[in-house]
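Asks: The structure follows.
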Amino acid sequence: MSRAQLTRTGILRMALGGGGAADPLLPGEGGDGRRAPFLLRALRIALVVCLYWFTSIAMVFLNKYLLDSPSLRLDAPIFVTFFQCALTAALCLGLSLGAACGPPCPGLPALRLDPKVSRSVLPLSAVFIGMVTSNNLCLKYVGVAFYNVGRSLTTVFNVLLSYLLLKQTTSLYALLACGVIIGGFWLGVDQEGAEGTLSWTGIFFGILASLCVSLNAIYTKKVLPVVDGSIWRLTFYNNVNACVLFFPLMMLLGEFRTLYHFDKLGNPSFWGMMTLGGVFGFAIGYVTGLQIKFTSPLTHNVSGTAKACAQTVLAVIYFEETKSFLWWTSNLMVLGGSFAYTWVKGLEMRKVQEDPTVKSSERNETGV
């Protein structure tokens, strides 16, 4: 999950799984009640999965170029993140204005900046800033091939925070899957050190990103009622707040001075890449929603795990890297542990849903 996987995946999963209003940007299933032919449905699912893979992988490689390209030499990661947040807010506003001018679309509310709502969303925005910034900083200091392992502890923090903050327990099999993820993470760190490519700064931001992704899901659930359950309104306020809060950070870190001396500031290709990165960052939330809608949350997680594997292989090939057997083992442990955790939770949720004697509170606990 780069910024993406980080920014809106948890929100969309809750929105699509929570029984709320349908997302107006996602196509309907058809009003005649008839199921589409199997071949057509399979083709549609394949196209949606391919779109998700392409958008997610392309966004990671684009962000790596913007954050750490030797040819670009732009040492301003906060500015890159600020620009992407500003573009996301502008796209949300543009979609809202377009819906207002066209046919009525109740799921796309008219967006206007309410200072009272903005202040209520501020705690989530602080976590959101930590999430997108630490993800981008992790990507800046580690290679794309190691990026998935570097920020692989999100599942572990989900379990830990669910117990500490929500008093929700986790099954033994799910805990064993988390143990495999932790083992793969430490083996990966060890192998990066053995190859001389370890960045403790990148590891620190990877762990921080994992923590912030977990916190973001918890705070999102608390803040959604403030924006009437609207994912688009929450995305708009989150990114507007982030843009305001990024300004003092850029001043404190001297990024305005860096931009003043940046020799490609007037280069149209640079701004084209910046805009493309921002568009991909915005689009990942939409294609994630599409994949969940046409498959299921469980299949989405499995697809995300497979995508991470493909992304790692592509990065090793593209950057012409040579990795040891144990390095690949660490990746397989992280991917295998993530897949096992997803599978176990899916089975637990299915068992709870099929048992009519289980209380609703227990259903919520199992679904964490």
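Backbone N, Cα and C atoms are what each Cβ position is placed from, and that goes for glycine too.
When I checked TrEMBL for this same protein, it listed these features:
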- 44-341: domain 'Sugar phosphate transporter' (DOMAIN)
- 45-66: transmembrane segment (TRANSMEM)
- 78-100: transmembrane segment (TRANSMEM)
- 121-143: transmembrane segment (TRANSMEM)
- 149-166: transmembrane segment (TRANSMEM)
- 173-189: transmembrane segment (TRANSMEM)
- 201-219: transmembrane segment (TRANSMEM)
- 231-250: transmembrane segment (TRANSMEM)
- 270-290: transmembrane segment (TRANSMEM)
Asks: Can you give the mean pLDDT for the domain 'Sugar phosphate transporter' (44-341), rounded to a whole number?
Replies: 89
Asks: Tally Cβ pairs under 8 Å between the transmembrane segment (45-66) and each listed stretch (78-100, 149-166, 201-219, 270-290), then give the stretch with the top tally.
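Replies: Ranked by Cβ pairs under 8 Å, first place goes to 270-290.
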